[in-house]
Amino acid sequence: MTERTPLLHYRLSTSVNESERRAPPAGRPPEQQGWQEQQQQQQQRPGGAGRRSAQPGQPKKLSTFFGVVIPTLLSMFSVVVFLRIGFLVGQSGLYQAIAMLLVAYFIICMTVLSVCAISTNGALDAGGAYYMISRALGPEFGGSIGIMFFLANVCGSALYVLGLVEAIVDGTMATSPYQVLPSGYWWSLLYATAIALLCLLGCLVGAHIYAKATFIIFLVVMFVLGTIFISFFAVGPRTLTLPGTATVNGTGPVLPTTANFTGFKLDTLLGNLWADYTLDYTTETMMTFATVFAVMFNGCTGIMAGSNMSGDLKNPSYSIPRGTITAVIFTFIIYNLLSVLVACSCDRILLQRDYSFLRDINVWKPFVTIGVYSSTLSAAMSNLIGASRILYALARDDLFGKVLFPAKKTSHSGNPWVSVILSWFLVQLVLFSGKLNTIASIVTIFFLLVYAAVDLACLALEWASAPNFRPTFRYFTWHTCVLGIVGCAVMMFLINAIYASASIAFMLLLLLLIHYLSPTSSWGYISQALIFHQVRKYLLMLDVRKDHVKFWRPQVLLMVSNPRSSAGLITFINDIKKSGLYVLGHVQLGDLDTLPSDPLQSQYDSWLSLVDHLNIKAFVNLTLADSVRHGIQHLLFISGLGGMRPNTLILGFYDGCPPKDRLVDPTMSASLSTDPSDPSQELGQEPPLFHFAPLRASSDRKDCGECGDGKALGPREYVAIIADAMKMLKNVVLARYFNNFDRAQILSPPSSSPSKGAVYVDVWPVNLLRPDSCSYVDTCSLFLLQLACILNMVRAWRKATLRLFLCVEDGRSVRGSEEKLGQLLKELRIKAQVYPVPWDQQVAFPSNTTRLSDDYLSAVNKLILDQARPPPAVRFLYLPRPPADTRRYAAYLHQLELLTRDLGPTLLIHGVTPVITTDI
C-alpha cells in the first residue's frame, strides 16, 4: 500500500502535560507556614479567592530526565522524524535543509531561554505557559493566550488521532499488501473515536499514569531511531518501488516508478546538496522554501513540555533549564545526522516520491510502524492532558465567570476530571471534520503565538527592572527575547499570513473581552511596572530650568475637605487643567505621635475610587497635620515630582453655603445587592467604595467644603493660606458657589432656558477692589484671561462664548479702550466678545485703597449681576492680594464675600507668574 499521509497531518505540537501542585510536607515550621500564607494571598486569582488548596497526592519525585527531558523529546520528535526528514532533504537539498534547521532552532532557542528564565523565577502552577504569561502580563493577556493555547492543544490532539487513523486505514505503515480494515468517513470516525476514548481513559486515570507510560514510549522511539541509524550501515543497496501514479496530473511526462537506496556514495551526496523544489505527491501542490520550512518547523516545537511538568519535579529551577536545553540540543543533533545520512545514501527521486522510505530500508519494517504509532498516540494523549490542565487553570482563575465553573472540579487525587471530559468532548467535535489539513497551519500558528507571548512576558519583566525578577537562570537578555518575538512573528506569517492575522485579531478580541468582563486581578500588572520605569526616566529628563512661558500649562492642587460636597468643583477643575498635573489634596487633622497607625493609608482606596467614579484624570495626595494651614503648606511643598509640581492652588470659598451631598446617586442602587437585609442597600446610599464622612450641618461649618475642616479653620487662617501660597509663587484660585454645580446640565441647557441653549463664560479682568486702577494688562489679569481661554478650548466648552467686561469711567474714551483691548485679544489669539461697562456710579461711593465701604462692594456686586443677561455658566473675577497687615484678614475676606454674593459659580483668580506670550 502506498503512503498517503497529508503533508501537514503530522504536525508536532507542544506537550503540555502538567500536574497539580502537591501539598507541603508535614511538620513544617510555623514561620514557613506564615510565608506560605503570604504567598497564597499574593497569588490570589481575579475572583478574589486565594490560590487553590493543595490536593492530596504523591510528593514531587520526577528527576530532570524523567520530568523534563523525556516529555520534551517526545513532543519534539513525534512522527516528523520518521516521515518528513526525506521530504526536507529531497525538496530543499542538504545545504538548505541544514540552514532551515539552524534558523528554526535559533528561533526556538530564543524562546527556550525565556521559558527557562521565567520558570526559574518562582514555582509554576497548573497551566504551564498560561500560568507564566498571565502572572507576568496580567489576566487579559494571559487569559487570551490561555484560550488559544487550549484550542491549539485540542486541535493538536485531534490532528494526531486523525493522522494515526489515516495511517492505519490507508495501510501506509502496513507490511501487508492487502487492506485489512474497512475504510470510509464513518469508519474513520469510528476508529478516531475509539482512539480518543483510549486517550480519555488514560487522562482520567491521571497524569502520573501518562508520566510512567512516556518512559516506555520513549524507549520504543529511541529503539526505533537506533534501528534507523543501524539500517543506513547494515542494509545494502536496493531498488524500491515508488508510490503514486505514473504521471503528474495525468498529462505530464511519465515519472519513474522505482528509486534506489544506494548506500553511502559521493555521487548520491552531490546530487542532494542543492534545492530541487517540485510537486508534493500527497497533495499535488508545488513546494517552496516557505512551505517546506513550515513543515520542518513543526518538528522543532514542543519546548514547553518540561516546564509544564514543574509541579511534579524535585527541583524545577534546576531541572527545567537543563532538561529543556538538553532535549533541544539532542533533537538538533538527531535531525542533522539523519539529514546527512539520508543525503548520502538515497536518490533524490526516492526522497521526493516516498516519504515512508525509512520503513523500506529498515532492518525490520514494522519497527518504523511501531515508532509512528507510539509517538502519535503519545502526542495525542499529551495534547489532551495539556488542554485539560489549561482549561482547569482558566476555570480556577475565574477569568470567564461561571461559564467555566464546572471545570474546577477535581478527583480525590487532584485530577481535574471535568476539564478532561470537556477537552475530550471538544476533540471529538473536531474529529467530525474528518480531515484537518486546513486546521493544521493555524494550530501551529497558535503555538507560535504562545511562544511569542512567553518571550514578551520575559522581555517585559526584564525591561521593568523589578527587584523581584531574579531568575536563577541568567543566560538571557532582552535581546534574546526580542529575537524570539521577531522570529515567531516571521514564522507565523511565513506559514500562512491570513491565519496569522486572524489569530492575532482573535487574541485581541479575547483580550478586550477579558479586560471588560473579568474582575480585578491581584497578581500584579507588568504594565504598571513598565509605566513606572518609563515615567521615572522621563521625569528625570523633565528639566525645570528649561521651562518656557510658551509651554506653560496649569498644574493644579485642589484642596478638598469632603468630596461629598465638592464633586461639582472637582469635575469643573478637571476641565481647566489643560493636560497638566491635577492633584486632589486633603488635610486630616491629627498627630501621628498619638495615633497607633497612619489613618490616611486606609483612605486612599476611597479617594482613588472617587477619581474613577468622577472620570477625571487626577492624582490624590493626603497629609496629616496639626492645622489645615500647615497641611496645605506640606502639600504645596511636596506634591508632584521633578518638573511636575503644582503651580496653582485652588480653594473653596470660606462662607456658610449649605452643603449638598453630590455623591449620592440613586441610580447606583440598582447595581448593588438586592438583599433587603443588607443595610448598605438603602435607596440613595452611595456605593460601598466611598467611605467619606457625612456632611455637617451648615450651622456647624463655615465653608463650602473644599479647603479643609470647616470647624477647625478660622477666617484668619484661611486668608493666611492664600498669603502663604502667593509667597511660594503659586497662583491662587478661590471657588465659590460650586456646591450645586452640574456640568452636564450647564453644558446642555434646555431650549426654554433664558440663554436659549447658549453657554456663556463671563470674565472681569479688572481689580474690582481697586477702583482707582482700571488696568487689565497686569500679570494677574492676563492669567485670568489664560484660564478662561483654556476652559473655552476644552471640547465640552468649545461652544461657550467668552464675554469680557471692560470697566470704564466717564470722560475716558470708551471706544479707544475697547479697541485697545480688542487688539490685545487678537494678539493673544483669544476669541471673546468685549462689553464696555460704565461704573461711574460705583466708584462715586466714598472709598479708598485701604478701606472699601460695604455700599461700594454691594454696588459692584449689583453691577456684575446686572450685566448677566443671560446668566453665565461661570464667572472669572480678579482676586487681589491679601493685605500685609494680618489684622485686616477678616475685613479682606468680608470684602470678597460681599463682592461675590449670589453670583453663582465664580472663580476669584490671582496669578503671580507670566503665562501668556505673543511670540511663536
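These residue numbers are counts, starting from 1, taken along the chain as shown.
Placed from the backbone N, Cα and C atoms, the Cβ positions cover glycine too.
TrEMBL: automatically predicted annotations, no manual curation.
Annotation source TrEMBL lists compositional bias 'Low complexity' at 29-58. Residues annotated as transmembrane segment in TrEMBL: 62-85, 97-124, 145-165, 185-207, 214-235, 286-306, 327-350, 370-395, 416-433, 439-464, 476-498, 504-526. Marked as domain 'Amino acid permease/ SLC12A' by TrEMBL: 67-557. Annotated domain 'SLC12A transporter C-terminal' per TrEMBL: 569-653, in sequence order. Marked as compositional bias 'Polar residues' by TrEMBL: 668-683.
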In the predicted model, what is the mean pLDDT computed over the domain 'Amino acid permease/ SLC12A' (67-557)?
83
Whether the transmembrane segment (62-85) meets the transmembrane segment (416-433): three or more C-beta pairs under 8 angstroms:
no
If you count CB pairs under 8 A between the transmembrane segment (327-350) and each of 97-124, 145-165, 439-464, 504-526, the winner is 97-124
Considering the transmembrane segment (286-306), which listed stretch of 97-124, 145-165, 370-395, 416-433 counts the most C-beta pairs under 8 Å:
97-124
Lying 6 or more residues past either end of the transmembrane segment (439-464) yet within Cβ distance under 8 Å of it, the residues of that chain are 6, 8-9, 11, 13-14, 108, 110-111, 113-115, 117-118, 121, 129, 132-133, 136-137, 141, 145, 148-149, 151-152, 155-156, 159, 294, 297-298, 301, 303-304, 430, 433, 476-478, 481-482, 484-485, 488-489, 491-492, 495-496, 499-500, 502-504, 507, 526, 529-530, 532-533
Please work out the helix, strand and coil residue numbers for the domain 'SLC12A transporter C-terminal' (569-653) from the DSSP assignment.
35 helix, 22 strand, 28 coil
Answer yes if the transmembrane segment (476-498) and the transmembrane segment (97-124) have at least three CB pairs under 8 Å among residue pairs 6 or more apart in sequence, and no otherwise.
yes
May I ask you to check whether the transmembrane segment (145-165) and the transmembrane segment (214-235) make contact, with contact taken as at least three Cβ pairs under 8 Å and only pairs 6 or more apart in sequence counted?
no
Quick one: do the transmembrane segment (185-207) and the transmembrane segment (370-395) reach 3+ CB pairs under 8 Å, ignoring pairs fewer than 6 apart in sequence?
yes
Same-chain residues at least 6 beyond the ends of the transmembrane segment (416-433) with a Cβ under 8 Å from one of its Cβ atoms are 20, 126, 150, 153-155, 157-158, 161-162, 189, 192-193, 196, 199-200, 203-204, 384-385, 387-389, 391-392, 395, 406-410, 439
